[in-house]
Amino acid sequence: MARVLVLLSVVVASLLFSQGATFESQRLFNNAVIRVQHLHQLAAKMMDDFEEALLPEERKQLSKIFPLSFCNSDSIEAPAGKDEAQKSSVLKLLHTSYRLIESWEFPSRNLGNPNHISEKLADLKMGIGVLIEGCVDGQTGLDENDSLAPPFEDFYQTLSEGNLRKSFRLLSCFKKDMHKVETYLSVAKCRRSLDSNCTL
């Protein structure tokens, strides 16, 4: 009888530990999603402010440029849209988000200092790294050689009124990438959610 009680207490303790780890994981996912939503909103606000400062003719000219523009992050293999993201594994979504955030470490310094974007990106990257570590169970982790050495282009070097095209590209790419990361983290969070009715 004593063995049964010991075994039962081990099983109960194991379940409680597992449930606690799940809640901690959910808390970390919530924090990551909130942080990237804030960055996406900041990017949208910066873009709106930039466009409002343009003359109508400049605005018209720049709107033709971006669809043809190349973003630094376009070289990162990533799901195209929400449908493809929903078919990807949580670990792949986290890896992709990590690499997208990492690709902005240097360029974010050129975005000015609205609420310290570089610091917010570093915090988010660290949080995603913790989530990756928590998801890795016998799977390949994020190795040092898996980190991105960004191929910076000239348009990532300057954000100034003197070069509207470069500034517009930088802000557009930042906004686009924060939207991607927000989508990927939201899908991953939903997949790991205890709520079976989690929808995006």
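In case you wondered, yes, glycine gets a Cβ from its N, Cα and C as well.
It should be emphasised that the depicted structure is a prediction, and the values quoted were computed from it without experimental measurement.
Between CYS71 and the candidates CYS173, CYS190, Swiss-Prot records a disulfide bond only with CYS173.
Each residue contributes its Cα atom, and for CYS173 (disulfide bond) and GLU182 (Zn(2+) binding site) these two points are 14 Å apart. Neighbour counts of Cβ atoms within 10 Å were compared for the recorded positions HIS38, CYS71, CYS173, CYS190, and the top value is held by CYS173. A gap of 12 Å separates the Cα atoms of GLU182 (Zn(2+) binding site) and CYS190 (disulfide bond).
HIS38 (Zn(2+) binding site) and CYS71 (disulfide bond) are 21 Å apart (CA-CA, integer value).
Other Cβ atoms within 10 Å of the Cβ of GLU182 (Zn(2+) binding site) number 20 in total over all chains.
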